[in-house]
Amino acid sequence: MVFPSFKRSLATMSFLLSSLLALLTVSTPSWCQISEASPKGSNGMPFPWNKIRLPEYVIPVHYDLLIHANLTTLTFWGTTEVEITASQPTSTIILHSHHLQISRATLRKGAGERLSEEPLQILEHPPQEQIALLAPEPLLVGLLYTVVIHYAGNLSETFHGFYKSTYRTKEGELRILASTQFEPTAARMAFPCFDEPAFKASFSIKIRREPRHLAISNMPLVKSVTVAEGLIEDHFDVTVKMSTYLVAFIISDFESVSKITKSGVKVSVYAVPDKINQADYALDAAVTLLDFYEDYFNIPYPLPKQDLAAIPDFQSGAMENWGLTTYRESALLFDAEKSSASSKLGITMIVAHELAHQWFGNLVTMEWWNDLWLNEGFAKFMEFVSVSVTHPELKVEDYFFGKCFDAMEVDALNSSHPVSTPVENPAQIREMFDDVSYDKGACILNMLREYLSADAFKSGIVQYLQKHSYKNTKNEDLWDSMASICPTDGVKGMDGFCSRSQHTSSFSHWHQEGLDVKTMMNTWTLQKGFPLITITVRGRNVHMKQEHYMKGSEGAPDTGYLWHVPLTFITSKSDMVHRFLLKTKTDVLILPEEVEWIKFNVAVSSNDRASLINNAFQLVRPSSLGC
């Protein structure tokens, strides 16, 4: 693939570093959020909390959820029992609730004969989607309490929260189902909860339904009991520790097909009865991809099953709920007689994306939404890593780098924003689900992989996943894992990259100064845009200059941005891959001898097609540069 934009003269050749580039939003959000100094609750009483983020001194441990949806009246009621602990004495419990009518809340403490339950005063603050539960006396540090909340609500019409979906059978009959879409901040529309990604807990879920319906959730069904005539209660197994936005449940008349992975995980695809015959391709792809990820990450998939459900009305492309991923029908179902080849590619990539999330996003989750790219950039990146191996006939390399090239067009606009951007309220959080978080995130990860080498990069991300399993992370946690694979004490690392060896160059800045992965990658995640690199070759001297490239600007804009630009190159005298880190506005690389040509930004490995495309390398011929 050819870089869409570069400058060229008899004296210089300039090129854009494609795998460093990004897609970005066309609108810049307003990141400043002002809260009332003394907010009022819905009943006029002072609300005891004036921040959008929840306080950290009350921690959820486990939820017991009971949900009963009426698909005729389109309403539901529920009971949330959440076990909590307090890290400091407090009489106030702040959590999230949105569009729910709370009828009663109590605090249960003690056990056995000393078990007691006392009422909690309820204050609501709708502008911040929060409620305050006021206890008659302070919670004691270290004790386990259970908050019990009874509530009701209407099935959402907006495809967020717990919402109504419909479809028509071949005979034209309208059927109704209920499904969930909680990311990023809509779990609070289905049950009162601590609806922030860092408040991880386990969940026990019970769903009441009519006998004609089927209920599925994150975990396998343990048992079903009849609680009244025409009413069944399904009990699902306890989940692993996870964030609220990953909880999912569906009440429908879906049918399913299933297969088992090599490690014994049951994989099932659910769809409306008339379309279940279109589920086979996605099922086979999911089994293959799940096997790949378990092997690649060297971390077993932690749940006993993985369901994929095709939802007739679904706003997002897909959602990575742990153990129950949900999709648009067009993103999951493949008709061998009618669907196109591009549809097969799209289904494979989306399934690969959501299954990658079972590790990146679910097992290890960003601490807050400003680092959403840790979830989405990795999942987007792993789409291509996985599918290029499991489905080589789809030739996804061109597709990946095409997205990076497309990203240049929008990332060159002044309306871009950094990959990691401070956000506060739900509206700002939703704006983070854009091309920057997904595609720029993926492209800069690919840039780092090509610079470190595929093996070293893989070692770093496996270490990252193992160290932070069932926890939350920030940018620096990833960079620390990457840095730890590259010793600076002269010990030979993977591919000879982390030390001097015959495979490395004596003039590489890596060996002269060491590589600070965090500092390097912060220049790509904490500031917007990308650099234009100008290369001039004069004899043995390779002169390099970087400037912030902005579309439509005459000359370099005075933004003050500076990137640490990882470059790889080979020359006419050596096919060994050398590395150079451009950290200043200008620098000079002195070659050991004059060469006929230099090829920049080649991939570390030369046995895959991506190595021919990576970073849109350019050929620089001294003979054409008047050296």
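These residue numbers are counts, starting from 1, taken along the chain as shown.
Every residue gets a Cβ built from N, Cα and C, even glycine.
Take the Zn(2+) site that TrEMBL assigns to His353, His357: the candidate from Glu337, Glu367, Glu376 listed for it is Glu376. Every protein chain considered, the tally of other Cβ atoms within 10 Å of the Cβ of His357 (Zn(2+) binding site) stands at 24. Tyr438 (site 'Transition state stabilizer') has Glu376 nearby among the recorded positions Glu354, His357, Glu376, counting only those with a Cα within 10 angstroms of its own Cα. Proximity of Glu376 (Zn(2+) binding site) to non-local residues of its own chain (separation of 6 or more, Cβ distance below 8 Å) is seen for Gly361, Phe433, Ser437, Tyr438, Gly441, given in sequence order.
Excluding the listed site residues His353, His357, Glu376, the same chain places Glu320, Glu354, Ala356, Phe360, Gly361, Asn375, Phe378, Ala379, Lys380, Met382, Glu383, Tyr438 with Cβ atoms within 8 Å of the centre of the Zn(2+) site Cβ atoms. In three-state terms derived from DSSP, Glu354 (active site, proton acceptor) belongs to a helical segment. Non-local neighbourhood of His353 (Zn(2+) binding site): Ala318, Glu320, Ala379, Lys380, Met382, Glu383, each in the same chain, at least six residues away, with C-beta under 8 Å from its C-beta. For the recorded positions given as Glu354, Tyr438, the lowest number of other CB atoms within 10 Å of the residue's CB is seen at Tyr438.
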